[in-house]
Amino acid sequence: MAELFWWVIFPYITLTIMIVGLLYRYAFRQLTWAAPSTEFFEKKWLRIGSPLFHYGIIFAFFGHVMGMLIPIEFYQALGISDHAYHFGAIYGGGLVGLMVVAGLIILLIRKITIDPVRIKASFADFFTVLAVLFVAATGTYMTIIYNTTVIEYEYRLTIGPWFRSLFLLQPDYVLMQSVPMIFKVHVISAFALFAAIPFTKLIHIFSIPVKYPTRPPQQYRSRSNYRRQGL
Amino acid sequence: MRIKAQVAMVMHLDKCIGCHTCSVTCKNTWTNRPGTEYMWFNNVETRPGPGYPKRWEDTDRYKGGWELRGGKLKLRAGGPISKLANIFYNPNMAEMEDFYEPWTYEYDNLIHRPKGDNLPVARPKSQITGKYIDKPEWGSNWDDDLAGGSEVVPLDPNVEKMQEHIKMEYEKTFMMYLPRICEHCLNPSCVASCPTGALYKRDEDGIVLVDHDACRGWRFCQNGCPYHKVYYNWNTHKAEKCNFCYPRTEAGLPTICSETCVGRIRYIGVVLYDADKVKEAASVEDPQDLYEAQLSCFLDPFDEEVQAKAKEAGITDAWLEAAQESPVYKMAMKWKIALPLHPEYRTMPMVWYVPPLSPIMNHITNEDDLDTDGYIPAVDQMRIPVEYLASILAADDKEVVRKVLLKLSAMRVYMRGKTVGGIDEFKQSELVKQANTSPEEIEEMARLLGVAKYDERYVIPTGRREMDDDLHYKQGTCSLEDLAPPEGVNPTFGYLKAREKNYESG
């Protein structure tokens with residue numbers, strides 16, 4: 001029963017909260033939708049911490065796409081041996097994980113020690129950093145330490161197919177039963193974090209300005225056309 | 001030809017007394033909320049001086065505005081790709097230190113402190129952290145009236161590049177006031193810097209606004225604007241800027257800074273320009289040609305072809321009439337006595353400045369006997385060096401500033417001769433000729449600059465509400481209209497969104 005909850009019910013609940021929350025905030029609370037920067041207060045530490053963390057997490061995202069979304073058969077078809085894959089995953093993923101963790105720790109220390117940044121930070125700000133740090137730390141631990149000391153765990157046969165089965169709406173929770181505890185903690189905490197996205201500054205993940213390079217530099221908007229287009 | 005109308009401003013610096021009334025009324029109107037304490041949509045700087053924020057003209061540091069790279073107009077801070085790469089940390093953005101840490105005073109202590117041996121004091125307290133600031137060291141007008149003197153003045157980037165060392169001895173020093181608002185540029189670099197496209201130029205009147213719903217707080221606009229007139233609200237994490245008091249101008253009223261200007265230095269009017277020409281004009285090779293190039297974008301509102309095209313473009317008769325009466329058109333385009341601030345930034349700024357006449361260094365003692373030629377070198381001997389004015393208003397082209405000063409001198413001599421007498425009429429007319437003006441023009445100029453009647457200073461047509469879609473619905477509705485959807489429209493998702501969007505603000 002617990003298995004059913006953690007690997008079927010919980011992911012769907014958290015994803016639902018995320019999607020409905022995002023839609024709600026997009027429709028009714030855009031005024032609060034921003035990437036809340038504190039660069040105005042402090043630049044020196046941000047300069048190191050922020051790019052380190054953000055670039056790290058972007059690479060980590062692509063790492064997860066490679067491990068979770070792309071089936072193992074794809075790698076086998078390409079002729080990439082399991083060992084070669086894990087070699088890349090441990091070194092690449094480990095480096096990226098360390099970037100994320102180091103960046104977050106710098107940002108956290110900055111948040112605590114720099115007066116204006118601390119005083120203007122809300123509970124949600126601290127919660128977000130600590131929660132992401134927890135998820136990132138477990139992930140990095142798995143990649144670097146667990147994989148090298150305990151076992152080179154083949155998540156592409158268990159977590160990956162289970163994760164994809166969620167999106168096929170046929171969740172195969174049995175796959176998760178044999179997964180080591182630390183991986184389970186990582187997955188559950190990550191899903192909990194997804195649910196927090198609409199309520200925290202993490203919302204800015206969904207405002208990557210992808211259209212910027214293609215739009216004309218100057219923007220005109222007509223007051224009277226404004227409503228007509230429903231922009 | 002793509003005709004657009006632009007609401008623009010001229011400031012006659014001769015009349016600015018540096019009273020900061022404009023700044024204060026602006027602040028009380030727009031930026032008296034948490035997060036906006038340090039924002040001065042309007043500020044008055046004493047020049048020479050570093051300005052606000054400190055050294056905003058230092059384009060090497062803040063990288064604001066445009067530059068020509070390989071003959072093409074590019075953002076100095078880098079294009080979209082480099083911006084996206086720097087989105088997690090903007091290396092060129094100013095921080096609080098470059099402005100100041102806003103503070104208030106503990107006034108309450110003056111009233112409620114228990115009786116003691118010493119007089120109660122109101123200690124300064126940070127509005128950011130709430131902690132006491134023992135010694136405030138910089139503020140928005142710390143260097144007012146050259147306070148800080150020889151320590152602060154050399155921080156001015158314009159002074160730095162001047163060849164002649166400027167004198168700070170009391171008898172020889174000079175100063176002027178420079179009130180600044182957002183320039184509402186024809187080629188705004190803040191708009192081009194915004195990754196989300198939240199900043200835009202309004203089609204109807206050219207006012208540059210921030211859509212707060214769309215703004216995601218990426219902060220590139222703050223330093224993308226070479227005039228540093230877009231501010232980052234640390235509380236809401238959105239950009240805010242001067243909005244030309246659009247709720248007032250839409251109603252035909254002047255901006256609050258203009259309305260309350262004690263010296264009547266500000267003029268507001270409509271100009272028509274060809275939007276298709278802007279990019280080309282901003283891309284001319286030599287920065288000193290930018291002034292002329294900018295002038296070439298404007299259209300003559302008396303030209304019948306222009307009028308016809310303007311009507312096609314949806315510009316109403318009221319706006320055309322206003323463009324004909326526009327004081328901005330007269331001063332900046334017709335008489336050419338108003339100059340754009342730092343044209344070399346290539347943003348085509350639309351707040352224009354009439355440079356100040358200043359005391360002449362070698363005091364003219366015998367003005368009665370002075371011949372016309374005497375006035376011409378006098379222009380070069382004014383207290384405020386032409387070089388300095390040219391650095392601010394003409395991309396270092398002294399000739400442009402000289403011409404304006406000569407015209408203003410000619411006006412002064414002519415009007416003095418007319419009312420006081422004593423100046424030979426022939427000499428007068430010779431000066432007028434040299435200054436490339438005419439008695440008729442001078443009379444007209446003197447009336448607008450000197451008499452400065454309210455309805456001649458501000459020729460502002462009301463917002464073109466007749467273009468609105470739902471006028472029929474709005475007719476007879478009360479202020480509760482936002483609670484109900486327009487007639488025939490379902491209260492859908494889209495409508496609610498549009499309704500929120502309607503609270504556009506700057």
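A Cβ is built for glycine as well, from the same backbone N, Cα and C atoms used for every other residue.
Keep in mind that TrEMBL annotations are predicted by a computer and have not been checked by a curator.
For reference, TrEMBL has these:
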type	residues	note
BINDING	A:HIS54, A:HIS64, A:HIS186, A:HIS204	heme b binding site
DOMAIN	A:4-223	domain 'NarG-like'
TRANSMEM	A:6-24	transmembrane segment
TRANSMEM	A:52-72	transmembrane segment
TRANSMEM	A:84-109	transmembrane segment
TRANSMEM	A:121-146	transmembrane segment
TRANSMEM	A:181-203	transmembrane segment
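Here the features listed in TrEMBL are painted onto the structure.
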residue: A:HIS54; record: heme b binding site; Cβ neighbours (10 Å): 17
residue: A:HIS64; record: heme b binding site; Cβ neighbours (10 Å): 15
residue: A:HIS186; record: heme b binding site; Cβ neighbours (10 Å): 24
residue: A:HIS204; record: heme b binding site; Cβ neighbours (10 Å): 18
By the criterion CB under 8 A from chain B, which of the binding-site residues A:HIS54, A:HIS64, A:HIS186, A:HIS204 would you report?
A:HIS54, A:HIS204
What residues in the same chain, six or more past the boundaries of the transmembrane segment (A:6-24), come closer than 8 Å to it by Cβ-Cβ distance?
162, 166, 171, 173, 176, 184, 188, 191-192, 194-195, 197-199, 203, 206
Can you name the far-off residues of the same chain, 6+ from the ends of the transmembrane segment (A:52-72), with a Cβ under 8 Å from a Cβ of it?
89, 92-93, 96-100, 102-104, 106-107, 132, 136, 139, 154-157, 159-161, 163-164
Which residues, given as numbers and ranges, are at least 6 beyond the ends of the transmembrane segment (A:84-109) yet have a Cβ under 8 Å from it?
45-46, 48-57, 59-60, 63, 66-67, 75, 129-130, 132-133, 136-137, 139-140, 143-144, 147-148, 152, 156
Largest separation between Cα atoms (Å) of residues that the record links to heme b, namely A:HIS54, A:HIS64, A:HIS186, A:HIS204:
22
